[in-house]
Amino acid sequence: MSDFDEFERQLNENKQERDKENRHRKRSHSRSRSRDRKRRSRSRDRRNRDQRSASRDRRRRSKPLTRGAKEEHGGLIRSPRHEKKKKVRKYWDVPPPGFEHITPMQYKAMQAAGQIPATALLPTMTPDGLAVTPTPVPVVGSQMTRQARRLYVGNIPFGITEEAMMDFFNAQMRLGGLTQAPGNPVLAVQINQDKNFAFLEFRSVDETTQAMAFDGIIFQGQSLKIRRPHDYQPLPGMSENPSVYVPGVVSTVVPDSAHKLFIGGLPNYLNDDQVKELLTSFGPLKAFNLVKDSATGLSKGYAFCEYVDINVTDQAIAGLNGMQLGDKKLLVQRASVGAKNATLVSLPSTINQTPVTLQVPGLMSSQVQMGGHPTEVLCLMNMVLPEELLDDEEYEEIVEDVRDECSKYGLVKSIEIPRPVDGVEVPGCGKIFVEFTSVFDCQKAMQGLTGRKFANRVVVTKYCDPDSYHRRDFW
């Protein structure tokens, strides 16, 4: 055998040997993988048995399943409690924290009107994948509702402090049962002493609205005027008027209704108290407003009112309409459109036959006595300003003009016009006092001078006590 044949035989043997080893390794690896699969299968079987056993133990220990259970892997398991919390609606049908006094529909209406940013309360995702809803701005200090939580208060007592004003309104709110939560409803007070008004800020919109019922309340002798601020914008779905009536408080705003009365033909020199005394002879008033000139502050000769007892409305119309006051005749009727045509058939016929005897200061007619008890001293008001009395020459001219005019009605005995003094509060400064020799002459002067104009100002008159006049007690 040649060397080449020997070499080729050797190669074939080596190849056969390698093929045998490869087949052996494949069979061994296949058996190993099969054993591994069997071991893993047995392990899974054991785990499944353990899980099923543990699940059965948990079901035996747990309470009976309620609604909310679900089927999984052929068995029943309880829904985790934290999943139930995720289902609670917080911001769509329930008012968020800070908006407890607003119904869900009102809250949605405010969102639609742009008064609450719709995106401000949208859930955001944390890096862990959890949904977190931002906390909404609470009502207290919220700029969203600040306009609706403020009230203008006019005609405040001179020199009143912010603390006293806050204490007064907080006390009145509690006494009237108008607070909605413990604590003080008034958060802040701002007073403008120069212009004699203040602004109140409340903690909630509803308490602000209810505080409107105190319009006309007396505070330290002053009838407060309560209004909404000029920048007030009504909130959607919320009432603008209070739902309560505070006994004894006569509001200065008379809302439109079938019971609102118009009183025309009033003498211009009558003030609020005089007209109210005329009207309250039929019953207590719920609201009253004497319309005045914004420039002079004097009456325009007509007013509006509403009675607490609506049943006396027609009686007041029957008793006051056509009444003669001085040189004027009253026109009293319902202010609402169409309501003034309401018939009075159901009223007793004796109403029109009964004269109304009233005691109204400043009036004089067959039914109304003027100025209380007449005296020989007449007080003239709204004629001069204190600064107009500083100049001696101008002062003497005023005295002379008053004397000349009053002498037309009778013999003038004396005239007193208190003048201002620097650093001293002078009693009666700005008023003019005229003493006649008889009460009769003084009455004639009052009739002739009341309602006249002096320096383009309407003259207002009243009687003065002679003893006080002689003591120079001009308060």
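Using the three backbone atoms N, Cα and C, a Cβ is placed for every residue, glycine included.
Among the features that Swiss-Prot reports, compositional bias 'Basic and acidic residues' is placed at 7-22 (among others). Counting residues of the compositional bias 'Basic and acidic residues' (7-22) by DSSP class, helix then strand then coil, yields 16 helix, 0 strand, 0 coil.
What Swiss-Prot records for 23-46 (among others) is compositional bias 'Basic residues'.
Here Swiss-Prot flags 47-56 (among others) as compositional bias 'Basic and acidic residues'.
Residues or ranges marked as compositional bias 'Basic residues' by Swiss-Prot: 79-89 (among others).
Among the features that Swiss-Prot reports, SUMO2 cross-link is placed at LYS15 (among others), with the record citing similarity to another entry. Residues near LYS15 (SUMO2 cross-link) in space but far in sequence (CB under 8 A, at least 6 apart, same chain): none are found.
Residues or ranges marked as SUMO2 cross-link by Swiss-Prot: LYS70 (among others).
Restricting the average to the domain 'RRM 1' (149-231) gives a pLDDT of 89. Annotation comment: Swiss-Prot describes 149-231 as domain 'RRM 1'.
Look at Swiss-Prot and you will find 259-337 tagged as domain 'RRM 2', backed by sequence analysis.
Among the features that Swiss-Prot reports, domain 'RRM 3' is placed at 385-466, with the record citing sequence analysis.
Annotation comment: Swiss-Prot describes SER2 (among others) as phosphoserine.
The feature N6-acetyllysine is assigned by Swiss-Prot to LYS70, with a large-scale study or a structure entry given as support.
Under the heading phosphoserine, Swiss-Prot lists SER79 (among others), citing a large-scale study or a structure entry as support.
Residues annotated as phosphoserine in Swiss-Prot: SER294 (among others). In the three-state DSSP reading, SER294 (phosphoserine) counts as coil.
As annotated by Swiss-Prot, region 'Disordered' applies to 1-90.
If you look up Swiss-Prot, you'll see 2-93 marked as region 'Required for interaction with PRPF19', on the strength of similarity to another entry.
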Exercise. Helix, strand, coil residue numbers for the domain 'RRM 3' (385-466) per DSSP?
Worked result: 31 helix, 21 strand, 30 coil
For this session: May I have the DSSP-based helix, strand and coil counts for the residues of the domain 'RRM 1' (149-231)?
Result: 25 helix, 25 strand, 33 coil
Problem set entry | Cβ neighbours of SER294 (phosphoserine) where a neighbour is any other Cβ within 10 Å | 7
